[in-house]
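Features reported for this protein in TrEMBL:
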DOMAIN    22-169  domain 'Cadherin'
DOMAIN    292-391  domain 'Cadherin'
DOMAIN    394-492  domain 'Cadherin'
SIGNAL    1-16  signal peptide
Amino acid sequence: MIWVAVFPVLVSCALGNETADQVPFFHGHVFENAPPGSRVNGLSVPVKRFNSQRLCGADGCGTAAQAAQAAQAAPHFKLLGDGSGNFRVFAHHNRGHVLLKTCAVLDREERAQYALVLGLCCGQSAAAAAAAAAAAGPSREEDDECTVVAEVASIRVDVLDTNDHQPTFPGADVKLSVDDATALRTAVYAVTAHDDDSGKNAELIYFAQPKNGTFYAVPKTGEILLVDSILGLEEPIRFQVFARDRGWPPRTSQSVSVEIYPRQRPVVMARKPNPQQVKAAAARRSRSVLDSDSPVLINVSEDAGIGSVVMNLNPVRFQSAAFELVEPDAESSPVSVSRDSGDLVISRRLDRETEPLLELRVKVQDKRGPDWYLVRVDLTVTDVNDNVPEWTMVPAPYLAVVSPEAAAGSLVYKLNAEDGDEGNNGEVEYFLSDGGDGRFEVDRKSGHVRTTGLPLQRDREYLLTVVAADRLGSRSAPAAVSVVAGARPPQFTNASFTIAIPENTPEGQP
């Protein structure tokens, strides 16, 4: 009879120790090259999320001595997983949260992400570790020697990029020959550089030094374009091409030397040429210049500075030409044209979100005669991360209710934010930055606020602070979401109301 009474208790204790709840997930980030001892931002693990006394056997399971010992020892934690030696647990008992600090300088290019596990220590190892750290005050670091009895949290740490690499060209210097009859605007070569950083730190802009009027390095692609005739040239054209990233501060590569030799076609004269044929051939060569039905296509970043030259419309078919912007008019166009040089110049700030494509028409006038023609320029404004996510939920303030008996994963509220940028610049993710005592979580992709399964206190208001961020780290203003576990009293959805009443309205009129 004694064994019959005791056996269920033993089974209950064993099952209680081996049946693990779903391990909660937490996420944080730290910049590479941060000094050792830097805190992992965005990561705060509330101790209330797991019952350390139950896991350590202080809830009635195990021997009385084990229960008493576990009850006296404060919770102690150890970090597990590949790369855990780069971090240390920092348990802030006054706030009831577990934080992480770095132990070494991290390099994103070597490792961009760490998947770790937070382990709980119990018994003599935890008590000894707690005694050793008692002199550290309200904050202490964990003991690497403690014995883990349970894994209580899953942690991911992202290592964010800093602009610590300069672009590099993988190849050697360039030497090539180009047919002297090559059509203008032809790409004769393309250089490519590589940057080990990520995001804007790895976005490259190419440029040539010294500038010359014959070849042009396309900033976005690195293509080398022929922009002026090389007929009759015998000497090679030499210049350097550089790549500069868009990080801050920007880093510039070592140069790659480009040496281009004009290659002349052999001409066999069987008889004396007809002067009319020579004139016709010259006219045909002059028509290689772009006309209005062959637009010039340009990509310009929306953060291009005022006064920067986008491109030059030379060469033209006239020996001396004047340039005039015909469409759109000069007052409404963000790009102006230099009358004498043909430079396209940024005259006011570009904004891709309001004006992604500009179509320009420039009149090229012969200064020595009445002839003129039009050149069409299609300018595409490329995106930079110049917008932050903005909340779009209505009405405000953001109010929600949830049943005190709600199961884990119950939907409480839907966050939504929009970012006017495109690509990674406009992809929005959502984060719970504070509040909720671990009873709520936010889905990073969908923005859904859900319960975690921890018990909710009836009629209590939980104030959640949430943040939206794009993939490159630009953050919205924080928003507060009020969640009441139970019935919420009626509340106005507007902070104020404005009404207009005509004068002489009779009393009592609705």
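Residue numbers in this text run from 1 along the chain shown.
Cβ coordinates come from backbone N, Cα and C, glycine included.
Just so you know, TrEMBL annotations are computer predictions that nobody has curated.
Assigned with DSSP, the residues of the domain 'Cadherin' (292-391) fall into helix, strand and coil as follows: 0 helix, 47 strand, 53 coil. Note: the domain 'Cadherin' (394-492) comprises 4 helix, 43 strand, 52 coil (DSSP; helix = H, G, I, strand = E, B). Looking just at the domain 'Cadherin' (394-492), the mean pLDDT is 89.
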